[in-house]
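Below is one structure, written out as structure tokens; the observations come after it.
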Amino acid sequence: MQQFGITGLYTALVFYATSKESSPFINSSTSDVEKCQQYDGKNMALFEEEMDTSPMVSSLLSSLANYSNLTQGSKEHEEAENNEEARKKTAPRMGTLMGVYLPCMQNILGVILFLRMTWLVGAGGVLGTFIIVFMCCSTTMLTAISMSAIATNGVVPAGGSYYMISRSLGPEFGGAVGICFYLGTTFAGAMYILGCIEILLIYIVPAAAIFKMEGLEGAEAEAALLNNMRVYGTIVLSFMALVVFVGVKYVNKLALVFLACVILSILAVYAGVIKTSFDPPFFPIHFRSDYNYAALILCRVCLLGNRTLVSKGFDICAKTIEQGNATVTTKLWRAFCDSEFLNATCDEYFTNNNVTQIQGIPGITSGILAENLFSTFMEKNSILEKRGVPAVLDPEATVTNTNRYVMADITSFFTLLVGIYFPSVTGIMAGSNRSGDLQDAQKSIPVGTILAITTTSFIYMSSVILFGACVDGVVLRDKFGEGVNGNLVIGTLAWPSPWVIVFGSFFSTCGAGLQSLTGAPRLLQAIARDSIIPFLRVFGHGKANGEPTWALLLTACICETGILIASLDAVAPILSMFFLMCYMFVNLACALQTLLRTPNWRPRFKFYHWALSLLGMSLCLTLMFLCSWYYAIVAMVIASCIYKYIEFCGAEKEWGDGIRGISLSAARYALMRLEEGPPHTKNWRPQILVLMSLDGEQSVEQPRLLSLTSQLKAGKGLTIVGACVEGTYLNNQPQAQKADQVCMKLMEVEKVKGFSQVVISSNLRDATSHLIQAGGLGGLRHNTVLVSFPKNWKQAEEHHRCRNFIEVVRETTAAHLALLVTKNISAYPSNGERFTEGHIDVWWIVHDGGLLMLLPFLLRQHKVWRKCKIRIFTVAQMDDNSIQMKKDLMTFLYHLRFDAEVEVVEMHDSDISAYTYEKTLVMEQRSQILKEMHLTKNEREREVQLIQGKNATPTPTSPTSPTAPTPAAVTPGEEVQMTWTDETEKTNNPAVANPESVKDMFNMKPNQSNVRRMHHAQELNGVIVKKSKEAKLVLLNMPGPPKNRNGEENYMEFLEVLTEGLNRVLLVRGGGREVITIYS
């Protein structure tokens, strides 16, 4: 079968999780004629119309087979730029060894192994350091297992842990952790450059130091060293950034050379360890004395008492030597005495103690392991001392000549060692970062990564034991090798020469620094191109070939801050924080996916478990606070700020992440809990269903309803904005979608947190009923309905709105829902307005649950109503004790913790006025006219239906509401040829239709019950207007509708009279349950 392009819609449906990313599905649009020709003769006639959304299987399989996994950032090689033929050529794919195993080895093994591992063993002891190494290696192994599960759960484009975390935990977590991973990689580059400069200035060419350290001691010597690191570090950083800018291909070509240096250096160390068992190592020492000779001597350390001496300050480890028949003083004597003569005045400690030599590397068979088994932590500027060697020391004497001794440059403790060591096990993501270049990523990533971690873990653990078994403790704790003539400590152990380690570690740190400066900008570019952090979008651009120029510039600037710190020991804990946070979220992502059992979670790597992922996450969190609790807090604050920023900006990415799965599971659990019973009175709050009216353009007629909702809710609880569209679902779905978008946009403007629900029905009355009945889900349903009082309800064309409103009142009463009705909603304040003074008046006529008392309290939580004071009015009858009522009400409000003024209004019985009698009569006459109009209208419609039934073929119709259809439903001349001259005149004029009705209307007497209601409404309205005419808002108990449907128009008239003369009125009906309580 011939292949064809699959449309973008199918891409959106099938590969929704990778929208706007590399996709195998190509959008192609074809005309109907081309489509018919395309599928002609393919036995697909039944499916031709759906081919845009449901393509042929052959085309789908072909596209999947030809899917190439492109890097999210830029192209790695410049030779591919703008070259169509080069793009078509498939680059050679790498296997497990070259693509994953060796890159991981290169990234894991590095500067800490060569520069700090011996010092870690000396300070922490073999046991303590082994525990540190085991914890860190276990953490990375567990992380690698989780990463392998994620990486084998589908195709993972290049992007490493950022891609995996963002697609597993969502854009918020992905952006936060992606930035942390980027910062970790950037500071790793700074650490490698500092290691490179340390090797260069201390072990290769000390004379190149700009700030000379000779003759300086204490803080001055430390400052000179740090300044040298800053100057040379900036120079090396600039050079490396230039190399990366010129072309990444040079860095990639040199990667194997740098890796070879690392492997040769490690082999040299193992060879040296084996050699110590039968031949202690020698190292060259050049004496610059009067004797002027050079020789190879055993690796010995000179001690004064039990203090380790700096070997560069003397030539012979002795106070005096016999030369001929005379005793001659040595350089060591002249370092501690004021002259070279034997009668010179010398340092007290120098005089009281002997000079001895010890073997610095006694060998693996010497039994030194027992001495190095436990930790020896030191304070800053304390002298390095040999345990077990006697010394004469005056406790009150001050230490002099400190620059002659090997001293601790920092205070060491267990957690510091953890922070310094952990960067040596990072780099496990190197394989997943290259997934786009792997032959079989889902096989190579797990196997290569786990093998690399196993190999490096063996190297680190064996190094701890071998260093402790071969090297003396004072040499191990000598960080810069000052006691062994300034040699690299691990270099003194290496065979055949210390220079193998020196140059090997130098080139490996250079290579690692280049790799960091290459990888970090691409990671930042991938984050920027995902557009989840708006202010980073500029860093998504680069050169014409895609090289991230701006990202490289930012990376170099951040890296410079690490170089200005200038201390490798200070930078290492910083990047440890960022890497540990990244690894923690990799484990969390795997654990969540496993526990949620999402259908798409089908990793090919089967050797994972959620418990292992949680254990790895716990270890990461523990190590973060072990390394440095304040750095851990800073890293978490940075990640939290980025998370909230992405959330605030509104991340529009939908990657099918696990957080959405957690939200669904938590929502389901919460909904099931809510089903257990109604909320307690103390937990009751209005969960509002807002019934919005739409005009013909699907725009909201009363936007201030949402302003009031926002002021009532303050972002808490449930809000459902309901709207109704008249018609059928098949025909009016676009209008419903437009209405939904309008509602959602208005909710966003008014800052209403909730949901929009648009219902389509054959008439508005049924649609409103559906919303009231079916709104919400399970226990998360509305308990209050907010609706606006219908305007112009007295007009005949608005009569249906009046009936709908009354039905809403009836249905909320039947459903035991509270009802809030706003009168004059256009006069209500917007969220931007502020009342600086005024009152919210509550007229408490009847008690129906306490909602009337609760609403003003909720309103005053919002800044619009905060300055308003609450006044509560209640009505006393003739036989009530108004003074006692006021006391009781004040006591009740005190227990409710409400601050409000209280007033009891006495209403005396009065005679019904002629005006009331006349108003009631006019009301009933108007109701009778409306009824007559409604009856004649129904008769006309029945006649139309009868004629249609005789002349037209009956067709099945969908069931409709019993509510009568509008006259516009049948247009004269469409189905039946009819003339409406006489009938229309009769219909529009009820007197013509029924002349007897005119006499009945003039002879009508008002119903005494209606007269009494009208009288009460007028009396109560007069009192309310007198007391509350200037109030900012009046809350009033809303009377219930009549049980007899014949009095519906009268009910609306009573409400109109009750609220006449008031600006803003909120009519309130309770839901039949108590919503306030005096108990805690």
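Cβ atoms are placed via backbone N, Cα and C, with glycine included.
Unlike curated entries, TrEMBL annotations are predicted automatically.
Quick look at what TrEMBL lists:
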type	residues	note
COMPBIAS	956-965	compositional bias 'Pro residues'
DOMAIN	100-278	domain 'Amino acid permease/ SLC12A'
DOMAIN	405-689	domain 'Amino acid permease/ SLC12A'
DOMAIN	703-821	domain 'SLC12A transporter C-terminal'
DOMAIN	835-908	domain 'SLC12A transporter C-terminal'
DOMAIN	1008-1080	domain 'SLC12A transporter C-terminal'
REGION	947-972	region 'Disordered'
TRANSMEM	97-119	transmembrane segment
TRANSMEM	125-150	transmembrane segment
TRANSMEM	190-211	transmembrane segment
TRANSMEM	231-248	transmembrane segment
TRANSMEM	254-273	transmembrane segment
TRANSMEM	410-430	transmembrane segment
TRANSMEM	450-471	transmembrane segment
TRANSMEM	574-595	transmembrane segment
TRANSMEM	607-632	transmembrane segment
Mean predicted confidence [pLDDT] for the domain 'Amino acid permease/ SLC12A' (405-689) = 86
Looking only at residues six or more beyond either end of the transmembrane segment (574-595), which have a C-beta under 8 A from one in the stretch?
-> 139-140, 142-143, 145-147, 149-150, 153, 161, 164-165, 168-169, 173, 177, 180-181, 183-184, 187-188, 191, 418-419, 422-423, 426, 562, 601, 608-610, 613-614, 616-617, 620-621, 623-624, 627-628, 631-632, 634-636, 639, 658-659, 661-662
Could you tell me how many residues in the domain 'SLC12A transporter C-terminal' (1008-1080) are helical, how many are strand and how many are coil under DSSP?
-> 35 helix, 10 strand, 28 coil
Using DSSP, break the domain 'SLC12A transporter C-terminal' (835-908) down into helix, strand and coil residues and give each count.
-> 24 helix, 20 strand, 30 coil
Per DSSP, what is the residue count of the domain 'SLC12A transporter C-terminal' (703-821) in each of helix, strand and coil?
-> 61 helix, 26 strand, 32 coil
